[in-house]
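Below: the structure, in structure tokens.
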Amino acid sequence: SGVKPHRCDLCPKAYMRTNDLEHHKKVAHVRGAAESTPPSSLLCDLCGKEFKCRSQLAVHFQTHTGERPHLCDICGRKFGRQYQLKRHKALVHAKQSEGDEAPPPDGVLACSVCGKRLKSEALLAAHARIHSGNKPHRCGICLRAFQRATCLKQHHLRIHDDRPYGCDFCSRSFRRLSHLKRHREVVHANGERPPQTFVCHICGKDKKCRSQLARHVIIHSGERPFACDLCAARFNRSGNLQQHRKRMH
């Protein structure tokens with residue numbers, strides 16, 4: 001079941017069997033509780049990771065919340081950690097005087113977030129989408145969005161490319177006649193129709209039933225409908241939620 005009922009009274013460790021706990025005490029706390037009690041540890045409520053001080057836990061927790069408390073006083077950009085702000089200032093604002101900006105070399109533009117230098121406005125705009133998460137290139141068939149036009153083109157070729165050779169036994173279609181013939185020989189050798197399949201409109205993957213397809217589509221949507229009632233963690237599958245409860249609670 002994953003439950004560890006035997007908890008050490010000298011540290012946060014827990015074990016499934018009593019003899020494992022006794023062995024741990026002999027090895028880790030051999031000098032007795034007064035001398036061997038480790039520094040108090042703090043646990044992250046979302047992932048269970050341990051930290052030695054409250055400030056470390058606070059910094060770690062920002063990875064779950066997306067909080068960015070460190071503000072650049074020059075350009076207003078925000079960062080999750082202090083070292084990221086320092087690196088940003090060193091890369092982007094190092095050559096700025098009190099009132100004047102040092103222009104980049106001729107024909108070179110600098111990203112205001114990471115300092116990367118690009119040769120044109122178009123390249124800089126495409127690069128900036130990495131930081132903003134903006135996906136302006138949308139597929140007209142399945143509505144999936146992409147940051148770059150090349151990624152959208154690859155998606156069309158892989159998912160929605162013209163497949164003129166359709167199988168008359170099932171809904172599959174193929175780009176080449178040889179692929180259709182091979183499909184018939186393998187799948188419909190006896191002239192039988194396969195069970196009904198449910199196809200994902202985003203990636204084209206086949207599922208045997210509607211419920212399997214519904215669970216699969218969650219991967220593309222990013223939805224996490226399964227919430228833990230003991231903490232703020234959420235998951236896209238019930239199995240992942242059950243594993244979380246066994247491991248963390």
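Each Cβ is built from the backbone N, Cα and C atoms, and glycine gets one as well.
Please treat TrEMBL annotations as automatic predictions, because they have not gone through curation.
Here is what TrEMBL says about this protein:
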type	residues	note
DOMAIN	6-34	domain 'C2H2-type'
DOMAIN	42-69	domain 'C2H2-type'
DOMAIN	70-98	domain 'C2H2-type'
DOMAIN	109-136	domain 'C2H2-type'
DOMAIN	137-165	domain 'C2H2-type'
DOMAIN	165-194	domain 'C2H2-type'
DOMAIN	198-225	domain 'C2H2-type'
DOMAIN	226-249	domain 'C2H2-type'
Cβ-Cβ under 8 Å with the domain 'C2H2-type' (165-194): same-chain residues at least 6 beyond its ends: none
Secondary structure tally of the domain 'C2H2-type' (226-249) (DSSP, helix then strand then coil): 11 helix, 4 strand, 9 coil
